[in-house]
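Taken verbatim from Swiss-Prot:
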{"type": "DOMAIN", "residues": "9-199", "note": "domain 'Glutamine amidotransferase type-1'"}
{"type": "ACT_SITE", "residues": "Cys86", "note": "active site, nucleophile"}
{"type": "ACT_SITE", "residues": "His173", "note": "active site"}
{"type": "ACT_SITE", "residues": "Glu175", "note": "active site"}
{"type": "DOMAIN", "residues": "200-392", "note": "domain 'GMPS ATP-PPase'"}
{"type": "BINDING", "residues": "Ser227, Gly228, Gly229, Val230, Asp231, Ser232, Ser233", "note": "ATP binding site"}
Amino acid sequence: MTTNIHDQRILILDFGSQYTQLVARRIREIGVYCELWSWDVEESDIRDFNPDGIILSGGPESVTEENSPRAPQYVFDSGVPVFGVCYGMQTMAEQLGGKVATSTEREFGYAAVQVTGESALFKDLEATQDVWMSHGDKVVEIPSDFVKIAETETCPYAVMANEEKKYYGVQFHPEVTHTKNGMKMLENFVLNVCGCEGLWTSASIIEDAVARIKEQVGDDEVILGLSGGVDSSVVAMLAHRAIGDKLTCVFVDNGLLRLNEADQVMEMFGNKFGLNIIHVNAEQRFLDALEGESDPEVKRKIIGHVFVDIFDEESKKLKNAKWLAQGTIYPDVIESAASKTGKAHVIKSHHNVGGLPDDMEMGLVEPLRELFKDEVRKIGLELGLPYNMLYRHPFPGPGLGVRVLGEIKKEYCDLLRRADAIFIEELHNADLYNKVSQAFTVFLPVRSVGVMGDGRKYDWVVSLRAVETIDFMTAHWAHLPYDFLGKVSNRIINEVNGISRVVYDISGKPPATIEWE
């Protein structure tokens, strides 16, 4: 009998912390399904979801302010374990009879927590814990039926608990890696306190997704826009495992891909894995549509519209295709729901977040819509996709369309492709590729004087860009070794005829963005 991987579940109520999605990812890593909802969810929705435990996230607001967010009262009436993190602890304390005050000694950064009481949360952990704090308010009086579990030098109630009701509050962030044993604390809550078993594994996710696709589409045919990126590639493998030749992939070569990328996609999915692929070489069509346009936002829209037109044309040739498969992932669902309603809710609502036309009259197959990116990569490995493809640096949807600054020309794209390939190759050779979060080359539409042999040349400029980041919301420029940068520059100038100068971008985000356009 197939295990229902959704049988055990944790509900995370989002109070606005930048770390909330990280909490959800940690719960998934423990092997338990969870969903992320807005803090002001209806009681009936919580009842229907029937969680085994509830986590109250951190947030930027102050419990001491009037009209600041509060957990629904049903959270504390439901009888399930509750874990409050930072703001979540503070609202729990205040709602259950304790007191919160704005502290004169704010805690941001590392802190040493001294465990002074017994708690299931600290099972198998030592009495001193290094944790990550980020708070201005603090609990100054705990509810009468709670006990103090831990403290820091400036925070008298760093952890509180009502072991009988299985309520726990921590003033620090267990979800971040800076809290050394934070994962163990979350495991103690999810596995020991809530009684979950860890049914959410890569193998079980694949089994569930394949079964769902089979049940959803029956004997119908399915069409998928295959880009060669992580999400569409994993969807292709799942759908092919579920329905075989009833899946048709459309791969559009827009002329804005990386060096040899189109050949690599066709070789892997067509020859190696045996998928049905329609290969549309549309380079000239995209270049014609982009001719004379230099505004980056307009370029993005043109590229998107041309792709949709081509995909629509190809789908109409497949008379029996009743379903459209998409690589929608959970963060897309959260963002799409929030943009429509102001709330991160609910995973079952079907938002078409892929930008394809509403009049295609096809049902949506979205086997990844419950998954975070790291989960998608893990199941991709399990499905046999190569590591270097799944863990490749991010590549923008419009491709080189936003890495060639200004107007797009074939000459510029060809030069950029070759220069970028050299940069990436040398990063691999120097064992630096996996030490930076993203690296790429940008084509600048300016000419610069150079010297080659006894002659002068007046050719184009490219910029190398490499950044280090955790979440891509902020980023530092990567301090690559000078001799490495020198080698890359020399190779590009000597091997790519048409480029006379290479520069290195040392801008952080903010104020700059990671991509130039």
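Along the chain as shown, the residues are counted starting at 1.
Just so it is clear, glycine is given a Cβ too, placed from its N, Cα and C backbone atoms.
Here the features listed in Swiss-Prot are painted onto the structure.
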residue : record                   : DSSP (3 states)
Cys86   : active site, nucleophile : coil
His173  : active site              : coil
Ser227  : ATP binding site         : coil
Ser232  : ATP binding site         : helix
Sorted by sequence, non-Ser227, Gly228, Gly229, Val230, Asp231, Ser232, Ser233 residues with Cβ within 8 Å of centre, ATP: Leu226, Val234, Val235, Gly327
When you measure from the Cβ of Gly228 (ATP binding site), which residues in the chain that are at least 6 apart have a Cβ under 8 Å away? Phe251, Leu257, Glu261, Gln264, Val265, Met389
For each of Glu175, Gly229, count the other CB atoms within 10 A of its CB; which of these recorded positions has the top count? Glu175
Of the recorded positions listed here (Cys86, Ser227, Val230, Ser232, Ser233), which is spatially closest to Glu175 (active site) when Cα positions are compared? Cys86
Row His173 (active site), column other C-beta within 10 angstroms, all chains, value 23
At the level of the C-alpha atoms, what whole-angstrom distance separates His173 (active site) and Asp231 (ATP binding site)? 30
Residue among recorded positions Cys86, Val230 with least C-beta crowding, 10 angstrom cut-off: Val230
Only counting partners 6 or more residues apart, tell me which same-chain residues put their Cβ under 8 Å from the Cβ of Ser232 (ATP binding site). Leu224, Gly225, Leu226, Gly327
Across every protein chain in view, the count of C-beta atoms other than its own within 10 A of the C-beta of Asp231 (ATP binding site) is 19
Ranked by how many other Cβ atoms lie within 10 Å of their Cβ, the binding-site residues Ser227, Ser233 are led by Ser233
Whole-number Å distance between the CA of Asp231 (ATP binding site) and the CA of Cys86 (active site, nucleophile)? 33
